């Protein structure tokens, strides 16, 4: 059942606002979760703690394009997430009504004509945002960004910005059916250029080469793809880049909690982590709207449990990528899944800061028992 978005934002405001300042899930301008929209890049004075930022870029994709329309589709699906009905019974918080100022910062206006220029635009935009301080940060920490792709190559500029902001290499928790640590020559390379090296399957190889990734603390989760050539070269290169590999089938042996435990043991809880979520880690029966679907993926129920279990990690940034709405089903299942993943990540960030004395007071989280023990 759909409910109206919220009570008037200011109970003492003009009577007209009290009558009309609300939305339903199907009404209003399409921002993520009906959050306030600000052009954060255009105005450095805008304060926020957590933001959703679209990166509509897909010209580094090797198979089906269309992920440039992912941010728009995810926002439309998130209209179901009314702030007044955002309370998570699993976390005990409403991430949209908390200590955190959460915004939709719009999109980076990325060129579709020149990948070298696009990479420069994405890098500069994310570095500029990474140089700011979160509104309620006492120690000058940058705000947290959830990037809506776009193809998976956007992880490279994100890691560049995070290394610059945190002054150290970043651990990567990578949900994907594919490795994405491929050498650029893994693709047909008779004709090549520096721009052709930058793809949605080679960005972690490039990031490792640039010293952006902390070797030995990163992990893939949900792998199930085929490899290059006639041997194990892809895995050998992946080993050299310091990733632990967890396959889709591992969940059958150890369950979602086992996946969580392996990830946390690999990354630790202190090191800064970038969580990169390719929607194709989900089974294409659940999320068909993606560029490189691989049968046999995880379910949303499994992914929800894993993401909630990763709250102890020091996640400093995240992306949700490869949503290509042209291939989605009529019910927009892929976009709804992506919106749910973003909600879970925002909730994790709010919960991880909820016991800290913020500028606007201390938030106490009360956990109600969901079922009898």
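Any Cβ shown, glycine's included, is placed from N, Cα and C.
Curation plays no part in TrEMBL annotations; they are all automatic predictions.
Just one of 81, 152 is listed by TrEMBL for the same Mn(2+) site as 176, 178, 180, 278, 280, and that one is 152.
In three-state terms derived from DSSP, residue 278 (Mn(2+) binding site) belongs to an extended strand segment. Other residues of the same chain near the Mn(2+) site, with their Cβ within 8 Å of the Cβ centroid of 152, 176, 178, 180, 278, 280, are 174, 175, 177, 179, 200, 201, 281, 292, 321, 322.
Across the binding-site residues listed here (152, 178), the residue whose Cβ sits among the most other Cβ atoms within 10 Å is 152.
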